[in-house]
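Visitor: Structure incoming, see below.
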Amino acid sequence: MPTTIKRTVFFVSDGTGLTVEALGHSLMTQFEDIEFKQIRIPFLTSVEQAQEAVARINGQGESDGMRPIVFTTLVNPELSSIVHQADAFCLSYFDTFLAPLEAELGIKSNHTVGRSHGSAESSEYKKRIESINYTLAHDDGITDRDLEEADVILVAVSRCGKTPTSLYLAMQFGLKAANFPLIPEDFDRGRLPGTLEKHRSKLFGLTIQPERLHQIREERRAASNYASLANCRFEIAEAEKMMRREGIRWLDSSTKSIEEISTTILQELKLR
């Protein structure tokens, strides 16, 4: 069996790091045979912090025996220059795209930290925080209160990716995303939980290949009926049958990234 290639990746930002991480992930997913160790360095706003980041990056490179990869979204040219002195392969989104965009638009950018997320007082920021809180409070069917406020309600059997997808929708798009598990009792009744019936237009289903679900569940609860391949096949077949019968839009998440799943949901439910 070939040895898996391992590389360390740093995401360095003067803000939360969500933007640079999302951009980096979109590139990293193109290299399926490499195992990436990911380290985030957010809120880098001073020379001292930049120097500390360089020391950390260099130390990691010495430990790995291979230089790290560094993705940055540092607006301040001085801080960006310091980080680029690290013994690493550095990719700056602002250095790569901002200058050509300034040339095309014929105007200099503001070089203002945090413009992509807005200030803490902005309505967009508040909306995103509210969405994250709502999503956490409505994870895995914890409660069915206030479902009328949801932008989307994900349904699937356990371990199909409902929670990470819900959080991604909340964090990246400011959507209130609830999610509910489909359980054996639902299959016995042959219909959706009653609390979801009146919110049918907001429902979106996730499914997965039974073999992949078996692998995931074995890591959580090995040698159990819950994780058995036979049970995984049964649950997936019943869930897909129910979603077809109820007219719920759904997709197979087996080989898709959270970004791809989320984009499909946005398009199918016309949320963007």
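Every residue, even glycine, has its Cβ placed from backbone N, Cα and C.
Pasting the relevant annotations from Swiss-Prot:
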type    : residues                                                       : note
BINDING : Ala156, Val157, Ser158, Arg159, Cys160, Gly161, Lys162, Thr163 : ADP binding site
Visitor: In sequence order, which same-chain residues at least six apart have a C-beta under 8 angstroms from Cys160 (ADP binding site)?
Guide: Leu206, Thr207, Ile208, Leu213, Ser253
Visitor: Hey, for the ADP site built from Ala156, Val157, Ser158, Arg159, Cys160, Gly161, Lys162, Thr163, who else sits with CB inside 8 A of the CB center?
Guide: Asn179, Pro181, Leu206, Ile208
Visitor: Excluding near sequence neighbours, so keeping only residues 6 or more apart in the same chain, what lies with its CB under 8 A of Val157 (ADP binding site)?
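Guide: Counting only residues 6 or more apart in sequence, the Cβ neighbours of Val157 (ADP binding site) under 8 Å are Pro181, Leu182, Ile183, Thr207, Leu213, Glu235, Ile236, Ala239.
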Visitor: Excluding near sequence neighbours, so keeping only residues 6 or more apart in the same chain, what lies with its CB under 8 A of Thr163 (ADP binding site)?
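Guide: Counting only residues 6 or more apart in sequence, the Cβ neighbours of Thr163 (ADP binding site) under 8 Å are Asp139, Asp140, Asn179.
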Visitor: With a 10 Å radius around each C-beta, find which of these binding-site residues (Arg159, Lys162) has the fewest other C-beta atoms nearby.
Guide: Arg159
Visitor: Please give me the CB contact count at 10 A for Gly161 (ADP binding site), counting all chains in the structure.
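Guide: Around the Cβ of Gly161 (ADP binding site), 21 other Cβ atoms lie within 10 Å.
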Visitor: For Ser158 (ADP binding site), what is the tally of other C-beta atoms lying within 10 angstroms of its C-beta?
Guide: 17
Visitor: Return the residues near Ala156 (ADP binding site) by Cβ distance under 8 Å, restricted to its own chain and a separation of at least 6 in sequence.
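Guide: Within the chain, Ala156 (ADP binding site) has Cβ neighbours under 8 Å at Lys162, Asn179, Pro181, Leu182, Gly205, Leu206, Thr207, Ile208, Ala239.
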Visitor: Three-state secondary structure of Ala156 (ADP binding site) from DSSP?
Guide: strand
